[in-house]
């Protein structure tokens, strides 16, 4: 009992330490996470060299995969920005008369958010919200909140966004499956948390015109923008390649030439690499941008990713310390004794951490470190579903600790209380709906797993489940009891 109290106390104090150093002492999250890592290691009795080695392996193991994907994703996002591809999507959707303005902003956020960091997406796409608000005489809140909610949803639940990719990678989830579930969950959460919630408010939602200080922001001339086909092909190409890999894994025999090729091009690094050169051509070279100009844009884009790389690396170090110190294993046993499903726990931890720290990325990494150790105790819960649950929690409770809260406040000209009342509430509703939308995906996974087990051959079962092999061996012995034989056959049939 005392050891359990020590483990829980160490974890809680480390989380409080992260929150206080970031919020009160204004530490960079990179330093706060490293400090918490050293604290946990010391409290759990690790030696100095053990701590350093664990931190090194955590940073290296995490960034070894993610650094390339984040770098390539940054190039893709920069090409979207400088070419005007994001505006093209927005202007095209405006022509769909059956779509309302607020739903248009959700779709723009979801599509463009695939390749843009959330803050960059807000700054890049807010002029489109200004333009639509002017034309339709609509409150800016009614357009900006759905846009920002959708951008945050994609950021949290759809790889190849860094935080979502980090969670999927650490949990061993299939990237393609997370993308499919994430897009569906993100769409549902954004539509309900944004347009539906604001429509229910009716006239209680105050009218907010475009603030005077942003009157010089404008959408580019349509003639200067890339075509819709080129834009959508570039944005959706990496996701399509990753989904092809998932389909191949589900439906093709391993080891074949075609299977190997699809596995190769569907790897996130390869998929993003291919998409970058397609973007260079479709959004750059074909529009008279030379390689010198593209190099300049690429270098400018790389300057913005040092922050996210350091934070994710430190998150990997924190995860490694929890595992190496033994805290993760002890925590798994403690959490398994709670009457709380891991899906709900994953959502709740991410929600609380986002509100406390103000960073969805840090919140998702912290939630992964806490929840991941207990997953082996719940074989019926897929890592893909837990990844979505963690992202769903991180969508919610965007408050004063988050820079996105202040971006919305400033761009909409809203007061502090109005931003809390409308934007924070919208993100919390979106988070709840994302959690609710995760549950059907969970039951779909269970159903698919049962069908797969029902039709699996006995050889596969014996290789996967030693218990089945033991039952078969027991059945073949000459001294086997008939009653037990029936029981064994029943077990094999039920499996």
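Note that the numbers count up from 1, one per residue, in the order the chain is shown.
The backbone N, Cα and C atoms fix where each Cβ goes, glycine too.
What TrEMBL lists as transmembrane segment is 6-23 (among others).
Annotated transmembrane segment per TrEMBL: 30-47 (among others), in sequence order.
Per TrEMBL, the feature transmembrane segment maps to 59-77 (among others).
Same-chain neighbours of the transmembrane segment (98-130): 73, 76-77, 80-81, 85-87, 89-91, 136, 138, 140, 142-144, 146-155, 158, 161, 183, 186-187, 190-191, 194-195, 198-199, 210, 214, 217-219, 232, 235-236, 239, 304, 308, 360, 403-404, 407-408, 411, counting only residues six or more beyond its ends whose CB sits under 8 Å from a CB of the stretch. If you look up TrEMBL, you'll see 98-130 (among others) marked as transmembrane segment.
Feature annotation from TrEMBL assigns transmembrane segment to 178-202 (among others). Distant neighbours of the transmembrane segment (178-202): 100, 102-103, 105-106, 109-110, 141-142, 145-147, 149-150, 153-154, 156-159, 164, 168, 239, 242-243, 246, 384-385, 387-388, 391-392, 395, 422, 425-431, 433-434, 437-438, 441; these residues of the same chain sit at least 6 beyond its ends, with a Cβ under 8 Å from one of its Cβ atoms.
Marked as transmembrane segment by TrEMBL: 223-244 (among others).
Residues 65, 68-69, 72-73, 75-76, 79-80, 82-83, 85, 159-160, 165, 175-176, 226, 230-231, 233-234, 237-239, 241-246, 248, 294 of the same chain lie 6+ residues outside the transmembrane segment (264-283) yet bring a C-beta within less than 8 angstroms of a C-beta in it. Summarising the annotation, TrEMBL assigns transmembrane segment to 264-283 (among others).
Marked as transmembrane segment by TrEMBL: 304-322 (among others). For the transmembrane segment (304-322), the residues of the chain that approach it from at least six positions outside its boundaries are 28-34, 36-38, 40-41, 46, 51, 54-55, 57-59, 61-63, 66-67, 70-71, 74, 117, 120, 162-163, 166, 170, 328, 331, 359, 361-362, 365-366, 368-369, 372-373, judged by C-beta separation under 8 angstroms.
Per TrEMBL, the feature transmembrane segment maps to 342-373 (among others). Counting same-chain residues at least six beyond the ends of the transmembrane segment (342-373), those with a Cβ under 8 angstroms from any Cβ of the stretch are 11, 15, 18-19, 22-23, 29, 33, 118, 152, 155-156, 162-164, 166-167, 170-171, 308, 311-312, 315-316, 318-319, 322-323, 328-329, 331-332, 335, 381, 385-386, 389-403, 431, 435, 438-439, 442.
Nonlocal intrachain contacts for the transmembrane segment (385-408), taken as residues 6+ away from its ends with a CB within less than 8 angstroms of a stretch CB, comprise 23, 118-119, 122-123, 144-145, 148-149, 152-153, 156-157, 163-164, 167-168, 171, 173, 178, 181-182, 185, 189, 193, 342-344, 346-360, 363-364, 367-368, 371, 375, 414, 416, 419-420, 423-424, 427-428, 430-432, 434-435, 437-438, 441-442, 445. Taken from TrEMBL, the feature transmembrane segment covers 385-408 (among others).
For 420-446 (among others), the entry in TrEMBL reads transmembrane segment.
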Where, among 6-23, 59-77, 223-244, do we find the most CB pairs under 8 A to the transmembrane segment (30-47)?
-> 6-23
Same chain, outside the transmembrane segment (223-244) by at least 6, Cβ under 8 Å from its Cβ: which residues?
-> 76, 79-80, 83-85, 87-89, 91-92, 111-112, 114-115, 159-160, 175-176, 179-180, 262, 265-266, 268, 270-272, 274-275, 278-279, 282-283, 286-287
